[in-house]
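**Q** One structure follows; several queries about it will come next.
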Amino acid sequence: MPAVGGIPTGPGKEYPGNLTPYVVVTCVVAAMGGLIFGYDIGISGGVTSMDPFLLKFFPEVYRSKHNDSSNNQYCQYNSETLTMFTSSLYLAALLSSLVASIVTRKLGRKPSMLFGGLLFFAGALLNGFAQAVWMLIVGRILLGFGIGFANQSVPLYLSETAPYKYRGALNIGFQLSITVGILVANVLNYFFAKIEGGWGWRLSLGGAIVPAIILTVGSLFLPDTPNSLIERGKMEDAREKLKRIRGLENVDEEFNDLVMASELSKQVEHPWRNLLQRKYRPHMAVATLIPFFQQLTGINVIMFYAPVLFNTIGFGDNASLMSSVITGLVNVIATLVSIYGVDKWGRRFLFLEGGAQMLVCQIIVAACIGAKFGIDGNPGELPNWYAIVVVLFICIYVAAFAWSWGPLGWLVPSEVFPLEIRSAAQSINVSVNMVFTFIVAQIFLNMLCHLKFGLFLFFAFFVLVMTIYIYYFLPETKNIPIEEMNQVWRSHWFWAKFMTEEFSNGNVEMLKGGQALKNV
């Protein structure tokens, strides 16, 4: 039996290929799709802590914040309308990701990215010029449609384009652009909040047109992936694209394997229905549990509501926005660590180390907040050392997420699906992610009001559970070609029993030297 959660090391399929400037530029441009997601995450929490924004659209929250005589800091932002403003985007992203699956499979990865940019652009304009809450909500829904298309297509595009030895690092470019988007949004919030006249929030929300333009224009110039071109019958185009992104003239072995995988995928008439088959249970476990656990790390609570959270624990408005800038900077730097180490140390190591670090930090933050705020949420005077300790451990927590569950939550699902279910399964991955992002965003402020400092212990429990899941059930996928990923499941101590004979042998019939060879 192989080591727990791992696969035995041994000879595997190795395709030649170079990390060419062309493929690097292509992947960097595609990864810009993460900017729209990151910018929205960062901007939402910032504007909801700006008094002019609250006074115009959510006056009851403004009054609670400034006139609540109870001094219960836990409950000052508790408003269903305010959380609906934040979380409506993720419900829209859930719905659009299902449509994006069809577009991605039938038309290619490029159109999905293009649609995502255009929809996000429309939503940003509507939010920037909003005069009523309904305009904010409709704008957020359009932003969500854009994010659903981008998050469905970009990770697939990166995984299919990158040489397998560098797939982890290039795919994490998507997460890096998310973290850059969050950081830029936090910095802009900090400066826009200082604008006299109280209209800085319009610049924050309307500024989302910039990442939307980057994604839209970038998608017009990107080539489609060889996998997608083969899937749509464009064989010669696919061969030429493969030669260019690998930097080689002889790509016959990889090309023939991609063609064979495509032929097998065409035998699957109903990919959505087939997702329920026993042989795809390992893939579906990854597609559902990893995004489920990713949201229950509590990271989006920190990133959505960082300014609100810091304001709640006693920072002033400007100080809370600056604290969120600091956490955003930590997020970017730690993601660079993941890019460096993911193909060197492996996915499992980063998952396990990050999980342990997040668990410790959440327990410490819960203890710090509980010690000062108690049950009634009235902390009295907060010393500077206390604020520094809270921010420090939140930053260590953010760093752990940024080099583990953040990037790997998108990377691992996008690289393990066979071609015949890849678009559908990626939609499930995005949908589960958005469902639980929506739920967490919708109920967080209410949970903070009722669970108080125990909210961090709530998320700490799930971090413990997900770390145990990774240890026992997630195999290592580094340095495995994307079309050879089934060997990972066939070698796993638990998942091997789900891999039927038909499935195990169906993908080893490969073309070599012009002849079809079949493993018996």
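From the backbone N, Cα and C atoms, a Cβ is placed for every residue, glycine too.
Curation does not apply to TrEMBL; its annotations are automatic.
Sharing the feature lines straight out of TrEMBL:
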- 19-39: transmembrane segment (TRANSMEM)
- 26-478: domain 'Major facilitator superfamily (MFS) profile' (DOMAIN)
- 82-103: transmembrane segment (TRANSMEM)
- 115-135: transmembrane segment (TRANSMEM)
- 141-158: transmembrane segment (TRANSMEM)
- 170-193: transmembrane segment (TRANSMEM)
- 199-222: transmembrane segment (TRANSMEM)
- 284-308: transmembrane segment (TRANSMEM)
- 320-342: transmembrane segment (TRANSMEM)
- 349-373: transmembrane segment (TRANSMEM)
- 385-406: transmembrane segment (TRANSMEM)
- 427-447: transmembrane segment (TRANSMEM)
- 453-474: transmembrane segment (TRANSMEM)
**Q** Sort out the residues at least 6 away from either end of the transmembrane segment (115-135), same chain, that have Cβ-Cβ distances under 8 Å to it, and list them.
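**A** Counting only partners 6 or more residues beyond its ends, the transmembrane segment (115-135) has Cβ contacts under 8 Å with 33, 36, 57-58, 81, 85, 96, 100, 103, 141-150, 153, 202-203, 205-209, 211-219.
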**Q** For the domain 'Major facilitator superfamily (MFS) profile' (26-478), what is the mean per-residue pLDDT, to the nearest integer?
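**A** Here the predicted model's pLDDT, averaged over the domain 'Major facilitator superfamily (MFS) profile' (26-478), is 83.
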**Q** What residues in the same chain, six or more past the boundaries of the transmembrane segment (82-103), come closer than 8 Å to it by Cβ-Cβ distance?
**A** 40, 44-45, 48, 57-58, 61, 111-112, 115-116, 119, 133, 136-137, 140-149, 151-153, 304, 423-424, 426-427, 430-431, 434-435, 437-439, 441-446
**Q** Residue list, the transmembrane segment (170-193) vs rest of chain: Cβ under 8 Å, 6 or more residues beyond ends.
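**A** Residues 23-24, 27-28, 30-43, 46-47, 50, 154-155, 158-159, 161-162, 200-201, 203-204, 207, 211, 303, 306-307, 317-318, 321-322, 324-325, 327-329, 331-332, 335-336, 338-339, 342, 402, 406-407, 410-411, 414-415 contact the transmembrane segment (170-193) from elsewhere in the chain.
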**Q** So which residues does the transmembrane segment (453-474) touch in its own chain, when a touch means Cβ under 8 Å and the partner is 6 or more beyond its ends?
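**A** The answer is 4-5, 285-286, 289, 293, 296-298, 301, 347-348, 351-352, 355-356, 358-359, 362-363, 365-367, 369-370, 373, 405, 412, 444, 447, 494-495.
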**Q** Between 19-39, 141-158, 199-222, 349-373, 385-406, who has the most Cβ pairs under 8 Å to the transmembrane segment (320-342)?
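**A** So the stretch in question is 385-406.
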